[in-house]
Amino acid sequence: MINFRKTLPLLKIINHSFIDLPTPSNISAWWNFGSLLGMCLIIQILTGLFLAMHYTSDTLTAFTSVAHICRDVNYGWLLRNLHANGASMFFMCLFLHIGRGIYYGSYLYKETWNIGVILLLAVMATAFVGYVLPWGQMSFWGATVITNLLSAIPYIGPTLAEWVWGGYAVDKATLTRFFAFHFILPFIVTALAIVHLLFLHETGSNNPSGINPNADKIPFHPYYTIKDALGFMLLLSVLLLLTLFSPDSLGDPDNFSPANPLNTPPHIKPEWYFLFAYAILRSIPNKLGGVLALLASILILLIIPLLHTANQRSMMFRPISQTLFWILTANLITLTWIGGQPVEQPFIIIGQLASMLYFLLILVLMPLAGLLENYMLKPEW
């Protein structure tokens, strides 16, 4: 009998990617987040598609169209809350996925890592333009503050900001184009995710030990399909618990008020997943400096492969690097907390110290720890 799975061109690609794929036998639950991100993306595209059928991207009706979805559309409240909280789950998985990559040295697959950083930027752009669409107070003022940062770019800045706005301020033209961007970007993200997977399958997966796993590999199906299925169920359970019991806990109360350009909210802040970058932006008392620090806080991921000094790939057997990694994690949580606080003491100084420590850890301390651990591995030590 002909095995179509191995002969038909399209099925052959799927077979080599998800069924007969040779996978290291020792990869842990930290390797589940790639598939969980794929599931999050599918959930976001499906719920977003149904929301787009009822949403209107006009300043006069955007807010009421979202209210209409929640009140009058069959299960509209569920679609909207799944979409909003699905974004939070997406970023939670994204941060854990990146953290895993840093801890286990997966960034040494440079092509996969660089595509991943581009993916992160694309997902962040998607989430930002999406947050503007309900046209609540925080949507409007968040869009105003963040797009205004473009005007800090020397010479072309003010023109660039007006070009993005489609006028002299955030208005109808901005909302319409942001809806268009929010519709197209997830499909670009999907294409990038396929390229990400393509580059990963050129080298094969990394594993917790960081050593070459070619001597001990097992087929992806059934071992890791069942493991991924468990991850799917756990993530869906958390998402549904959040959506059904506490759907607004991660949102901002100001977004329940329609956008009003004449009334500025007391504390303008983005969604929780951007707060760490927002804290770094605010910690520098200069507009252009803040924008550069904001960009650097994300783009620093691109140079992490160049800063790898250790002889071992993974941090599994490197206690000093492990300690610094968890300090970095705590530092990012601190930055997230600071980003949600008002601009006053002691939050200003804490934010500035945490921002300095963030760059110091990645650029100086972690590479030095790698060199020290190399020295400690020598027999004379």
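If you go along the chain as it appears here, the first residue is 1 and each next one adds 1.
Cβ atoms are placed via backbone N, Cα and C, with glycine included.
Swiss-Prot annotations:
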type     : residues      : note
TRANSMEM : 33-53         : transmembrane segment
TRANSMEM : 77-98         : transmembrane segment
BINDING  : His83, His182 : heme b b562 binding site
BINDING  : His97, His196 : heme b b566 binding site
TRANSMEM : 113-133       : transmembrane segment
TRANSMEM : 178-198       : transmembrane segment
BINDING  : His201        : ubiquinone binding site
TRANSMEM : 226-246       : transmembrane segment
TRANSMEM : 288-308       : transmembrane segment
TRANSMEM : 320-340       : transmembrane segment
TRANSMEM : 347-367       : transmembrane segment
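Sequence-distant neighbours of His201 (ubiquinone binding site) (same chain, 6+ residues apart, CB-CB distance under 8 A): His16, Ser17, Leu21.
Residues 99, 102-103, 269-270, 272, 274-280, 282, 310, 347, 350-351, 354-355, 357-358, 361-362, 365-366, 369-370, 372-373 of the same chain lie 6 or more positions beyond the ends of the transmembrane segment (320-340) yet place their CB under 8 Å from a CB of it. At the 8 Å Cβ threshold, with sequence separation of at least 6, the transmembrane segment (178-198) comes into contact with the transmembrane segment (33-53) through 3 or more pairs.
His83 (heme b b562 binding site) sits 21 Å from His97 (heme b b566 binding site), taking the CA atoms of both as reference points. Touching of the transmembrane segment (288-308) and the transmembrane segment (33-53) is ruled out by the presence of fewer than three CB pairs under 8 A, sequence neighbours closer than 6 excluded. Separating the Cα atoms of His97 (heme b b566 binding site) and His182 (heme b b562 binding site) is a whole-number distance of 23 Å. Through the fold, the transmembrane segment (226-246) approaches residues 29, 32, 35-36, 39-40, 43, 78, 81-82, 85-86, 88-89, 93 of its own chain, all at least 6 residues removed from its boundaries and within a Cβ separation under 8 Å. Sequence-distant neighbours of His182 (heme b b562 binding site): residues of the same chain at least 6 apart with a C-beta under 8 Å from its C-beta are Gly48, Thr126, Val129, Gly130, Leu133. Between the transmembrane segment (33-53) and the stretches 77-98, 113-133, 347-367, it is 77-98 that has the most C-beta pairs under 8 angstroms. Within the chain carrying the transmembrane segment (77-98), a Cβ under 8 angstroms from the stretch's Cβ atoms is held by residues 30, 33-34, 36-37, 40-41, 43-44, 47-48, 50-51, 66, 69-71, 116, 120, 123, 127, 130, 235, 238-239, 242-243, 247, 250-251, 271-273, 301, all 6 or more beyond its ends.
Around the Cβ of His97 (heme b b566 binding site), 20 further Cβ atoms fall within 10 Å across all displayed protein chains.
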